[in-house]
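Here's the structure we're looking at; comments come further down.
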Amino acid sequence: MEKIASFTVNHLTLQPGVYVSRKDKFGDVVITTFDIRMTSPNEEPVMNTAEVHTIEHLGATFLRNHGTYAEKTVYFGPMGCRTGFYLILQGDYTSNDIVPLLREMYKFIADFKGEVPGAAARDCGNYLDMNLPMANYWGKKFSALLDNISEDRLNYPE
């Protein structure tokens, strides 16, 4: 079997950033998948499931309620390796195109207080596995990167 595209990225040199993972075409519709890499793979500790789960709930809620991107959001969810998230949008985008959106979203995550949306037994199959303070921490940390993001953090390393 051939490796899938995401397994051909050199995870030994990959740093936190926002990368176009792939673009798929369905008829005339382009779908862009983004690799939102929050930690340095195999270098930094991965995020724990509780904060990943919380970021997923907050990020998905933010995106599905966004004035511009709500109807373009196909999916937002964690990578199995717990080093980041995938964001799938309808449209042909570059990493630069979505930096403003991600700045808004991660500020929302960093500043969020109160009940995590969907964190109830009726709404979620693992609602007790949440950690809002750590989600706030990761939101602040990634916001700092987004505020000063450089080109090398917007394109996969060779």
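Every residue, even glycine, has its Cβ placed from backbone N, Cα and C.
Features of the protein shown, as given by Swiss-Prot:
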BINDING   His53, His57, Cys124  Fe cation binding site
Take the mean position of the Cβ atoms of His53, His57, Cys124, the recorded Fe cation site. Which other residues of that chain put their Cβ within 8 Å of it? Thr54, Glu56, Val116, Gly118, Ala119, Asn126, Tyr127, Asp129, Met130
Where does His57 (Fe cation binding site) sit by DSSP, helix, strand or coil? helix
Across all chains shown, how many C-beta atoms besides its own are within 10 angstroms of the C-beta of His53 (Fe cation binding site)? 23
Counting only residues 6+ apart in the same chain, whose Cβ is under 8 Å from the Cβ of His57 (Fe cation binding site)? Val116, Pro117, Gly118, Ala119, Cys124, Met130
Using DSSP reduced to three states, classify Cys124 (Fe cation binding site) as helix, strand or coil. coil
When you measure from the Cβ of Cys124 (Fe cation binding site), how many other Cβ atoms are you left with inside 10 Å? 17
